[in-house]
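Following: one structure in structure tokens, then a few remarks.
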């Protein structure tokens, strides 16, 4: 018989890395604000060549370093989030046998083009809805906070769109005006990333509280039939 698996550690680690991503997004946002102000100065003073390099040396170097760290952090955070999500689905599927997706789908649905714009959201929404209903049927008073999933996923989609726009802007001829536009989009994208990461932390915390209640109130928990692996 399959066991419920404690998910607290995975939740905690995922939240730590999401917090780290918030920090990196904040660093990049501040750096892009500095770059944007330098671009305004260049535009106003008609600075060219040597001035351009002098003005941009430090912030561009910092930005390249932060972006490298962000990409690495995003990959690690994504893996940790998916591992948490998969275990959450595994546990709920043991208590609710009519879930609409397979446990493996919580992983591969993130990597299929077009499907990854919809399916992870559907799975996360199902997790929140079905676990809340399960707990309510077992006498628990649970507030409906599923709106967090809607906002979080909306921000995720917006951020991906902004990243696409930015990449296209930077492939165009690099005039000061186009660089200003691209930098402004980067600032907004960083702000969206921060809000999305903070909301993901809140979402994991709330779901983990519900999941802990499910484990505590389950008959399997009373029999010690829980895996810590």
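The backbone N, Cα and C atoms fix where each Cβ goes, glycine too.
Annotated transmembrane segment per TrEMBL: 12-40 (among others), in sequence order. Long-range contacts of the transmembrane segment (12-40) within the same chain, counting only residues at least 6 positions beyond its ends with a Cβ under 8 Å from a Cβ of the stretch, are 55-56, 59-60, 62-63, 66-67, 69-70, 73-74, 76-77, 80-81, 83-84, 176, 179-180, 183-184, 186-187, 190-191, 193-194, 197-198, 200-201, 204-205.
As annotated by TrEMBL, transmembrane segment applies to 52-82 (among others).
Positions annotated as domain 'DUF4328' by TrEMBL: 65-208. For the domain 'DUF4328' (65-208), the DSSP-based tally of helix, strand and coil residues reads 113 helix, 0 strand, 31 coil.
Residues 117, 120-121, 124-125, 128, 182, 185-186, 188-189, 192-193, 195-196, 199-200, 202-203, 206 of the same chain lie 6 or more positions beyond the ends of the transmembrane segment (147-167) yet place their CB under 8 Å from a CB of it. Residues or ranges marked as transmembrane segment in TrEMBL: 147-167 (among others).
Away from its own ends, the transmembrane segment (187-207) comes close to residues 11, 14-15, 18-19, 21-22, 25-26, 28-29, 32-33, 36, 81, 84, 88, 127-128, 131, 145, 148-149, 151-152, 155-156, 158-159, 162-163, 166 of its chain (Cβ-Cβ under 8 Å, at least six residues beyond either end). Among the features that TrEMBL reports, transmembrane segment is placed at 187-207 (among others).
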